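Undergrad: Before I ask anything, here is the structure I am working with.
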Amino acid sequence: MSTVSIKGLEGEAPTKNEVLLNWIAENVELFQPDRVVFADGSQEEWDRLTTQLVESGTLIRLNEEKRPNSFLARSNPADVARVESRTFICTPTPEGAGPTNHWADPAEMKAELTERFRGSMKGRTMYVVPFCMGPINDPAPKLGVQLTDSEYVVLSMRIMTRMGAEALAKIGDTGSFVPCLHSVGAPLEPGQEDVAWPCNEEKYITHFPETKEIWSYGSGYGGNAILAKKCYALRIASVMAKEEGWMAEHMLILKLTSPEKKVYYIAAAFPSACGKTNLAMLQPTIDGWSAEVVGDDIAWLRFGEDGRLYAINPENGFFGVAPGTNYSSNPNAMRTMEPGNTLFTNVALTDDGDIWWEDLENMPEHLTDWLGNDWTPESSQPSSHPNSRYCVPLAQCPVAAEEYNDPQGVPISAILFGGRRPDTVPLVSQAHNWDHATMIGALLSSGQTAAAEGTVGALRHDPMAMLPFIGYNAADYLQHWIDMGKKGGDKMPEVFLVNWFRRGDDGRFLWPGFGDNSRVLKWIVDRIEGRVEADETIAGYTARVEDLDLTGLDTPIEDIREALSAPAAQWKSDLADNEEYLTFLGSKGSAVPAEVLEQFEALKARVAAAES
């Protein structure tokens, strides 16, 4: 029996962990909630909370025949996405956070947020949400506990993590956990009516790498509030990984099976809007090949006993961008939602209680848009917010690989980097070695499109697709990649650079993409197995058109040949920008690894040789 008293808790706490109970009790005094509830992750809890939120107007219950046990939330229009400008890495010195993060002094930030948190849960319930990152049966699990005043967050965490009583049992009486504090920052005075989506104009998403803590205030949305996702799984985990000799990466994990039934596991890091979820749920268009998903967003990679790199998916669900997802671009994502049990946010509502978003089939004549207004096809604004989301259990995916529940993880054969480049970067190239791969990842970028703000064609750098998520100095992060390569030696995965987005002079895409990307994956497997040669280009070992399986593809061979080219003039025009970016990455307390700089000098030499 614990001696710790928690104000507002009905009955006895379901744990004897004194550290956990004392932490909860201290924060109850700070936040001053009306009630304290331990989230158990049960169906009864889901039903109770969803019913409560439907009654309060936060959720809309969808058509039970079309979307069983599914709900739509509409957020405050000022709370619709991750707020990178209000995301802080709080290390003792600015050099610890490095050039790519917003830094704040840990003591000052804690003092400021403590005052923000004081009384911020008045009139609300504090939920204690224990969760496990990755399979619950992991013998050495990474655990966390989030305190939150948002029922929406509790529901989202139930989908996205292994949450509740099982995770609390894993923490046990003496186990450690990452403490996560979250408040929407909207206290209620007695008699004050609540709003459908409580939040605060002031937002803080703060990380304390030294003490492995996460404090978030003011937002109820997505990665700002579901703290297991980017905050823990990438920002804090990347620090843990550096300290403990593993990797936390913004990567999908794909299981690929050949016609001979040989299995390959591929991890891939793409910046946003570059097709990560679509590749994770790939439907191959070449006979005899099948693909399954282990994860669509985050990979934790550790060395196995055999010296190879093994990956787990620390998540348990998909938190996908809705617009653009349909039965053509990603049929498996659509099928994952068909059984229901899905939380939709900021999409449109049909008149018969279903959902709709841009690029979905069968546009209705009338909708209620994400702001609650009437919408017709003639409306000038999109019906759904561009960052609207579906949150759905991974287990419902028809191509979910059973290995996603294996705590040993899966051995990675290849790592892919890819951006959205209309020119320059070939369809697929292999890195010369791990050091070359690290440079490729460090300089990963996407070209601006006409749809984006900024100069068309200008590069947006996103090293390893981790720019918003590296929890420490980016130069030290690159050094960690180099160090992992040294440790793994010749057992490290082969690394490839892909680009599905090459365009011709007239602006058309040169490669069909989507399911046909399986043809590129087949070439990658052929390279791993030593079955095909490659052309030595500026980019690396680039595929030859005759080695790609183009059976049944009606794309002109000239287009594919152009997609595989690495024009020297285009590579040369990137060099100054890339050199400047490497200088930037090394500009705050830590140097970019010598190996990366040597690889960049070798790249410059290849460009010069190709020009002569």
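Just so you know, glycine gets a Cβ as well, placed from its N, Cα and C.
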Undergrad: Among R67, R74, R82, R531, which is the one Swiss-Prot gives for the substrate site where Y221, G222, G223, S272, N387, S388, R389 also bind?
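TA: That substrate site, as Swiss-Prot gives it, pairs Y221, G222, G223, S272, N387, S388, R389 with R82.
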Undergrad: Could you list the residues of the same chain, at least six apart in sequence, whose Cβ is under 8 A from the Cβ of R82 (substrate binding site)?
TA: I205, G222, G223, N224, K230, P468
Undergrad: Excluding R82, Y221, G222, G223, S272, N387, S388, R389, which residues of the same chain place their Cβ within 8 Å of the centroid of the Cβ atoms of the recorded substrate site?
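TA: So the extra residues in range turn out to be V80, A81, F319, V321.
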Undergrad: Please report the Cα separation of N387 (substrate binding site) and C274 (active site) in Å, rounded to an integer.
TA: 14
Undergrad: Below 8 Å Cβ to Cβ and six or more residues apart, same chain only. Which residues does that give for S388 (substrate binding site)?
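TA: Listed in sequence order: V321, A322, P323, F344, T345, N346, V347, W357, W370.
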Undergrad: List nothing but the one residue from Y221, F514 whose Cβ has the fewest other Cβ atoms within 10 Å; the candidates are the binding-site residues.
TA: F514
Undergrad: Would you count the other CB atoms within 10 A of the CB of K230 (Mn(2+) binding site), including those on all shown protein chains?
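TA: The answer is 25.
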Undergrad: Give me the sequence-ordered set of same-chain residues, not including K230, H250, D297, with a C-beta within 8 angstroms of the centroid of the Mn(2+) site's C-beta atoms.
TA: K229, A233, L234, I298, F469
Undergrad: Taking Cα atoms as reference points, which of the recorded positions H250, S272, C274, D297, R389 is nearest to D516 (GTP binding site)?
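TA: So, of the listed recorded positions, the one sitting closest to D516 (GTP binding site) is C274.
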Undergrad: Tell me the Cα distance separating Y221 (substrate binding site) from G275 (GTP binding site), rounded to the nearest angstrom.
TA: 22
